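I have placed the structure first, in the form of structure tokens, so that the comments after it can refer back to it.
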Amino acid sequence: MDYQTIPSQGLSGEICVPGDKSISQRAVLLAAIAEGQTQVDGFLMGADNLAMVSALQQMGASIQVIEDENILVVEGVGMTGLQAPPEALDCGNSGTAIRLLSGLLAGQPFNTVLTGDSSLQRRPMKRIIDPLTLMGAKIDSTGNVPPLKIYGNPRLTGIHYQLPMASAQVKSCLLLAGLYARGKTCITEPAPSRDHTERLLKHFHYTLQKDKQSICVSGGGKLKANDISIPGDISSAAFFIVAATITPGSAIRLCRVGVNPTRLGVINLLKMMGADIEVTHYTEKNEEPTADITVRHARLKGIDIPPDQVPLTIDEFPVLLIAAAVAQGKTVLRDAAELRVKETDRIAAMVDGLQKLGIAAESLPDGVIIQGGTLEGGEVNSYDDHRIAMAFAVAGTLAKGSVRIRNCDNVKTSFPNFVELANEVGMNVKGVRGRGGF
């Protein structure tokens, strides 16, 4: 399926974006190995998260999916209750699922194969294979990409590990393995990354130690069931935040969005560029802060993106670069080589698309230089990447003509009702097949 957009006359209204994808995946995994029943409200029913649910079910976890209410009811099997799955576990398009499950499965008393779609089978896994091997795991792969064959070892040993890059997925993988290891596992990061796993471990009553740069867990503990309500995903909210910011006449409100400080890079950077964003009704529930976000149109200026904001914005850069494309002046992003190993090479995909829409964009090995200008209509390719697809749908709100975005089926992995909500606030996005359009 493709997207077809026409320019918007302005965004308005109030919407609630779906539950946070990262928190949803971690919550159901920890609930599955906890003792007792956990109800997960606000679970994101996207394809990536449902792949995680399916994998856990295949290992014996009882998970009732109430899809129309975004609720899961999980009967935890305890730390040692998982069983060998009957076949390979398919993680679909989800890098989070395969890396979290690798950590969980490294310490089990059975062997497992983890695989995924063609995109996932290109994603780098050496970053988890190496430290898990240091803990005593044995993992076979060809070229350090999926499929992964994990030979479970219930006698893992805790390690002290310095992450070569700020990566919440790698950190979380090792923390999960550390739950099953003898002794203490400590992970030190070069810069803060999202800390949902740490917050959820605390929510499920698992003791951990944390300082400014390191997090430690000791093996042998237990997780206790605890109901949880998932906040709205700020990565999904970011598309509407940018769309309202760049489109004249816009004013929207996004309700109950997760505002975890390790995820606020997109708001921090947009404010540096001159955005009019107000965060109100701040509350904290289930260890995660939540707030309403009000956004009004504003004129933006280009900036040099500070390196310390890169890990806090890593999933939002595709749509942030749309903001940069219409800002006055030049925006420079560096220290973001991680964007090249996402669902697609997001640096190359964004530069290609922006150039096709008339924007001067230059690719760097670890980033991009964008000279703000005027977005023209045209046709771009999402390269089967959900965030690229939605980012260019946002570009279509301000472009001088219609924008066609190719290959948008993967939006269902993270935001199944994106088109519905986009049109509700006035973005003018239509899903089309063949050569159809508005």
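Glycine residues also receive a Cβ, built from the backbone N, Cα and C atoms like all the rest.
Feature annotations, reproduced from Swiss-Prot:
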type	residues	note
ACT_SITE	Asp315	active site, proton acceptor
BINDING	Lys21, Gly95, Arg123, Gln169, Arg346, Arg387	phosphoenolpyruvate binding site
BINDING	Lys21, Ser22, Arg26, Ser167, Gln169, Asp315, Lys342	3-phosphoshikimate binding site
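The record assigns Lys21, Ser22, Arg26, Ser167, Gln169, Asp315, Lys342 to the 3-phosphoshikimate binding site, and the maximum Cα to Cα distance across that set is 19 Å. Non-local neighbourhood of Gln169 (phosphoenolpyruvate binding site): Gly95, Thr96, Arg99, Leu100, Ile128, each in the same chain, at least six residues away, with C-beta under 8 Å from its C-beta.
For Ser22 (3-phosphoshikimate binding site), the nearest neighbour among the recorded positions Arg123, Asp315, Arg346, Arg387, judged by Cα separation, is Asp315. In sequence order, Phe317, Pro318, Leu339, Arg340, Asp385, Arg387, Ile388 are the residues near Arg346 (phosphoenolpyruvate binding site), counting only same-chain partners six or more apart with C-beta under 8 A.
In the three-state DSSP assignment, the secondary structure recorded for Arg26 (3-phosphoshikimate binding site) is helix. Compared over the binding-site residues Arg26, Arg123, Lys342, the count of CB atoms lying within 10 A of a residue's CB peaks at Arg26. Around Asp315 (active site, proton acceptor), the C-beta neighbours below 8 angstroms that are at least 6 residues distant in the chain are Ser235, Arg387. Of the recorded residues, Arg26 (3-phosphoshikimate binding site) and Arg123 (phosphoenolpyruvate binding site) place their C-alpha atoms 20 Å from one another. DSSP assigns Arg123 (phosphoenolpyruvate binding site) to coil, not to a helix or a strand. When Cβ neighbours within 10 Å are tallied across all protein chains shown, the highest count among the binding-site residues Lys21, Arg387 belongs to Arg387. Recorded residues Ser167 (3-phosphoshikimate binding site) and Arg123 (phosphoenolpyruvate binding site) have their alpha carbons 14 Å apart, per Cα-Cα distance. DSSP assigns Lys342 (3-phosphoshikimate binding site) to coil in the three-state reduction, placing it in neither a helix nor a strand. Ranking the binding-site residues Ser22, Ser167 by the number of CB atoms within 10 A of their own CB puts Ser22 at the top. DSSP assigns Ser167 (3-phosphoshikimate binding site) to coil in the three-state reduction, placing it in neither a helix nor a strand.
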